[in-house]
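> Let me give you the structure first, and then I'll get to my questions.
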Amino acid sequence: MDSHEVLLAATYLLGTLAAFCLGQSGRGGLDIQVMLSGSNSKCQGQVEIQMENKWKTVCSSSWRLSQDHSKNAQQASAVCKQLRCGDPLALGPFPSLNRPQNQVFCQGSPWSISNCNNTSSQDQCLPLSLICLEPQRTTPPPTTTPPTTVPEPTAPPRLQLVPGHEGLRCTGVVEFYNGSWGGTILYKAKDRPLGLGNLICKSLQCGSFLTHLSGTEAAGTPAPAELRDPRPLPIRWEAPNGSCVSLQQCFQKTTAQEGGQALTVICSDFQPKVQSRLVGGSSVCEGIAEVRQRSQWEALCDSSAARGRGRWEELCREQQCGDLISFHTVDADKTSPGFLCAQEKLSQCYHLQKKKHCNKRVFVTCQDPNPAGLAPGTVASIILTLVLLVVLLAMCGPLVYKKLVKKFRQKKQRQWIGPTGVNQNMSFHRSHTATVRSQVENPTASHVDNEYSQPPRNSHLSAYPALEGALHRSSTQPDNSSDSDYDLQVAQRL
């Protein structure tokens, strides 16, 4: 082998040795398993190495590390890269990370575990800790954000009343909601659309529209505390079209207004209604008309709105009486207080005006469906009359009965007495002498029309001598062959 070949072989060996040495230093301890513990991040914590299938902490005095944490950090770049973290920041002991576990002490080059020994529990050595930068999070490039649009409301439109005037039901400030957008409605005094008011009251199931309230009337008497809690929303709607037929057509959005006046309505079904009664008459259906406000009863003063019969007919129905009979005004004391209703009917009176001097009252008379019965004195008189009638019948009844029977028998005796056959032309007449004598002896019988009805009582002369003789003979010798009670043959012989 010549010198040239020897030189080439030596160069090759030196290159191989240099490559080996550079490879070892470049890997910088990547041949060991390292992890960081004791924190919530994988990029900071106590250094633990895997030896003998166990994870062990490393004493901070190992590998002759300096006290400068930042200088030591340069030697831990390979470890941070292996942990997929950023650049190293500090390497050394940290009092906050002091949890040794199977701790070892290593010598030699940094991150070499060829010369590591277990330490005793008596050795006071803080574990070695490492802090690396957190890995950078890769975020996708920003995309163009579409413009935000407010979706159209899907809930059906609705109305709501915030109680205002004296806390009455079906009265108050009107709020309109369309989806999630809600608010009160701007009210303009020049606009008084009756159709819109009826639509609002009908939608709220409160009957028909009565009136709008101005700001002063809407304030009125304050409502109870429990009803004043809900405050009306600000004005966000207006009603440009008063002749609309649906809620969505009636209202349109407007800018929020704090100083404007909100729409306030009173519907016919407001509650509670005015209570009324009639006092001072003979029954509950007659008397002076009185009304009640809260717990106070006062007379209802006469007003121009009550000139017709409508108010008083309604009052009669309210008292469960019949039809209205009459009504008239009655003078009252000048100091007598009362209430005044400005509406035509009491059912429309949402507010009663207090008056200190009620000069004219109204006396109303309604038909009483349940009139009073008979007085006790009248009933007693009727009973006494019936008792007397029964006693009278008991005393006089038999006498009257006897007289009636006797009169009936006398009528049966008034019959013709004379011949009944064809050839029997003989008749019996009272003699004139007997008749005159009987009238003289019995003057009371002269007025009798039928001279046969009452025979003479005090006369010794018979009025019918032939007849009496025949009767006497026939009674002694009865003849059954004759149909008559008188023996006519004997009478003919006489």
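Heads up, the Cβ atoms here are built off N, Cα and C, so glycines get one too.
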> Quick check on the record annotations: which of N117, N480 is tagged N-linked glycosylation site by Swiss-Prot?
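With Swiss-Prot as the source, N-linked glycosylation site is noted for N117.
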> Please work out, from what Swiss-Prot records, which of C285, C301, C341, C349 forms the disulfide with C321.
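Swiss-Prot lists the disulfide between C321 and C285.
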> Just choose from C244, C267 the cysteine that Swiss-Prot connects to C250 via a disulfide.
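Among C244, C267, the record in Swiss-Prot lists C244 as the disulfide partner of C250.
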> Pick from C267, C301, C316, C396: the cysteine that Swiss-Prot pairs with C366 in a disulfide bond.
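In Swiss-Prot, C366 forms its disulfide bond with C316.
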> Among S276, S427, S484, which is the one flagged in Swiss-Prot as phosphoserine?
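Cross-referencing S276, S427, S484 with Swiss-Prot, phosphoserine lands on S484.
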> Round to the nearest Å and give the CA-to-CA distance linking N178 (N-linked glycosylation site) with N118 (N-linked glycosylation site).
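Given the Cα positions, N178 (N-linked glycosylation site) is 78 Å from N118 (N-linked glycosylation site).
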> Once near-sequence residues are set aside, which residues in the chain of N118 (N-linked glycosylation site), 6 or more away, have Cβ atoms under 8 Å from its Cβ?
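K56, N102, Q103, V104, F105 - these are the non-local Cβ neighbours of N118 (N-linked glycosylation site), listed in sequence order.
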> Rounded to the nearest angstrom, how far is the Cα of N117 (N-linked glycosylation site) from the Cα of N241 (N-linked glycosylation site)?
95
> Got a sec? Which of these glycosylation sites, N117, N178, N241, has the most Cβ atoms within 10 Å?
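Within the set of glycosylation sites, the most crowded position is N178.
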> Give me the mean pLDDT over the domain 'SRCR 1' (34-133), rounded to a whole number.
84
